[in-house]
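> I am attaching a structure below and will ask some questions about it afterwards.
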């Protein structure tokens, strides 16, 4: 097992450097030079321009610039935002919990509903319910989620007035950010109604963000379940006279869930990408909205290192899923 | 299934001399048309393609003409609707149906060109990676893994953010994002084929590397690639619309489905049709292509039937 982890870790390092190379190159690909971009559209005095180039180390050869960049990263220096003058890292830390909260809520929604629908569809293979689930999940998979969000807002917020249109919490409440997770912070703050308000803000974005994972998980659970239900041990369990519920949920589902869990892990990337759209629609103050706003404001340090941070996150999640998968399935561990 | 029908056909060779085996095309169509959803998807896409090809003749109005007296007119079946604007008008008084029809041109164009732009280099890199498993292969695959570390839409957003918004950069960004899938798929298929006897035979017969790559091996790797091309066609349309929605794709006033949605956001309380219809068009087109993709997969590559 240790050698398996070591091998995976070994693969991680070149990937990490590759990503830094990518984010480094991204900034160099901007038409025009970074100093002109930073100083705005007005004409830049050549002397000041040269000074800025010198200060930022942009007059050095490319490999030296890259080494500088890596060196700064190693010291935990991710640069500062051009707009707020705050460090990119601290901005990321304040906004990140909001995205995690949203993503977890979406995964919870997609996971419970998706596994349940997938199991029932597999058990009633060929039935109307099965066809319905498969149809709906293909529709969900094809969904432009930015539109889906607008439709839900139009129906539930504007039409019925059940949920708020945007944000994480009503302005009436002054919540101390202790954990960064609004649901926990509102409980800690003991302000009346704050928790329910936060929950109502969370529901629609979570549904929107969870729609595509829901479709994928339902399809995956169904096909994994169909495969497992054919196995001998399921027949044996039935023959032993175990209750149908026990056979399905203990004997079959546990094995069917292994591939589904992998899909869960792979969906993290989809969730982060989806968060960009969902957060933009619902004005959810997370890293997705932060990134899009920074792009609009040409705040390149934020764009560059925000993307780097997200990529590292995805790499780490994939690594963890790999390791967990190796733990659950020895055959993977001993490959090659 | 064919084992029962073939003796029957063989008994009447005079009437139908060639029908001993159905032609590959006919066989494919039989398998494809068994999937009702796929046929439905195909029909819808044919309609969309027709609209895209003949947009100026199909569309009732010029997509950018502003009828100032008819701002936000509802669809014709609603109260206040006008017969000349079947699906109503947008905030500038432009005919929605005409804009949707012209938008189909753009979406199909982006889909098609980005698929081609990633399919061809993808196949080439995948073939190279499969044929040179020592040094070149692993380095190509490592590069693809790096690209896969970024969620697809984010990578596209990053590329467009740097290169600037617009049609060409949208196509380019989407093509780059889809490249790793083709490389991986081609390489996996090539690795599977390389040990087969027919490849060894071709090698022994003196086939050179280009011939081995493109004539011997590649045709046998096409099935999963065609399926993947269909699937990435639909996600290209989705990604292009998402970029347009974020203001990073095709710029207004060009009638692009995602861009239309972005400008419709402000009218969410008053005019449901400007919000609903462009998105519904995106959803239906993407759904139709995905249904077709399912049918293609069942017909071309039965092994993948249960994959997601």
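Please read every residue number as a count from 1 along the shown chain.
In case you wondered, yes, glycine gets a Cβ from its N, Cα and C as well.
Note that this is a predicted model, so its numbers are computed, not measured.
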> When TrEMBL marks a stretch as transmembrane segment, which of A:64-83, A:124-143, A:144-163 is it?
A:144-163
> With the ranges A:234-255, A:256-277 to choose from, which does TrEMBL describe as transmembrane segment?
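Based on what TrEMBL states, transmembrane segment spans A:256-277.
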> What range among A:198-218, A:282-302 does TrEMBL describe as transmembrane segment?
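In TrEMBL, the transmembrane segment feature sits at A:198-218.
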> For the transmembrane segment entry in TrEMBL, name the matching range from A:36-57, A:102-123.
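In TrEMBL, the transmembrane segment feature sits at A:102-123.
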> With Cβ-Cβ distances below 8 Å as the criterion, list the same-chain residues six or more beyond the ends of the transmembrane segment (A:307-328) that contact it, or say none.
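Contacts of the transmembrane segment (A:307-328) (Cβ under 8 Å, skipping residues fewer than 6 from its ends): 1, 4-5, 8-9, 12, 15-16, 19-20, 22-23, 26, 73, 78, 92, 258, 261-262, 264-266, 268-269, 272, 287, 291.
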> Quick one: find which recorded stretch in A:9-30, A:198-218, A:256-277 has the most Cβ pairs under 8 Å with the transmembrane segment (A:102-123).
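Per the Cβ under 8 Å count, A:198-218.
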